Amino acid sequence: MDDKSMARGRKAFVTGFPIKHSRSPLIHGFWLKELGIDGSYEAVEVKPEDFSSFAASLAANGFAGGNVTIPHKEAAYAAAESLDEAACAIGAVNTLWLENGRLCGGNTDAYGFAANLDASAPGWDKADRALVLGAGGASRAVVHALLSRGVCHVSVVNRTLSRAEELAAHFGARVYAHGWDEAQALVSNAGLIVNTTALGMSGHGEGQDFPIDLTCAPKEAVATNIVYVPLRTAFLNKAEKAGLKTVDGLGMLLHQAVPGFERWFGQRPQVTQALREHILADMAKAGAL
């Protein structure tokens, strides 16, 4: 039996609360059509108080698995009977699948972050030092990716220092916590600068100047944002003006979807320019560029 026959009729999902904004159905729908797989992928809105029962009934509802987004990633971590290494390190699950009747959980955010940089800025992981702006949930996946790829020194800057200290303590050696007032001084020797903050996102000071001068960064440094709405944030615009290589966050969204699709439908999809343009067209239609 070939992969397409095995995947025939398989169902997968993305769940969150709210979920109508998700572009995951567009991504997976594109791949299902491109690969000629007779499967489906749908958005399912689940309230936080209903998540446990939803996760327990995946098989009964005919799902092979699915993606999990805000606010359910920690609940999915707790619900999974088996976790992959990334989920254990990050403490959150964004991908669920069934294996021999067991609910398994993984986290593909770190993979997506690194794969996006591999595609758009090859050699980024030669940087000895990285600067991560922000210490929220998303920064955990970024730090895990950086450590996994051998970055020697990761500085995490956050307005609330205790959040950065908590993250540094979680990952241990090679991760250092700093207050926001130290960010400027850390730019000068950072080979990679990652913005995980909401600064510059839609509804979070969009259009305002980014509050850090990036002109003193090493000329070979790479600057990347993990958000993709808007595509070109104030941070990326400022980095570009400073002459740095910039990588937007859309590729992370696309690449993090790859492992889950392969688990549910049996074929590994490719992140292509055609897929990127498909999502950009939808963003343009929604006024999200």
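Cβ coordinates come from backbone N, Cα and C, glycine included.
Computed from a predicted structure; not experimentally measured.
Sequence-distant contacts (6 or more apart, same chain, Cβ under 8 Å) of K73 (active site, proton acceptor) comprise A92, V93, N94, G137. Annotation source Swiss-Prot lists active site, proton acceptor at K73, citing sequence analysis.
The shikimate binding site annotation in Swiss-Prot covers S22, R23, S24, T69, N94, D109, Y228. Less than 8 angstroms from the CB of S24 (shikimate binding site) sit V14, Y41, A43, N67, T69, A257, each of them six or more residues away in the same chain. In the three-state DSSP scheme, S24 (shikimate binding site) falls into the helix class.
Of all the Cβ atoms in the protein chains shown, 26 others lie within 10 Å of the Cβ of A135 (NADP(+) binding site). The NADP(+) binding site annotation in Swiss-Prot covers E85, G134, A135, G136, G137, A138, N158, R159, T160, L161, S162, R163, I226, G249.
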For each of the binding-site residues (S22, T69, N94, T160, S162), count the other CB atoms lying within 10 A of its CB, then report the residue with the highest count. N94
Using the residues the record lists for shikimate (S22, R23, S24, T69, N94, D109, Y228), what whole-number Å value is the largest Cα to Cα distance? 18
What does DSSP assign S162 (NADP(+) binding site), in three states? helix
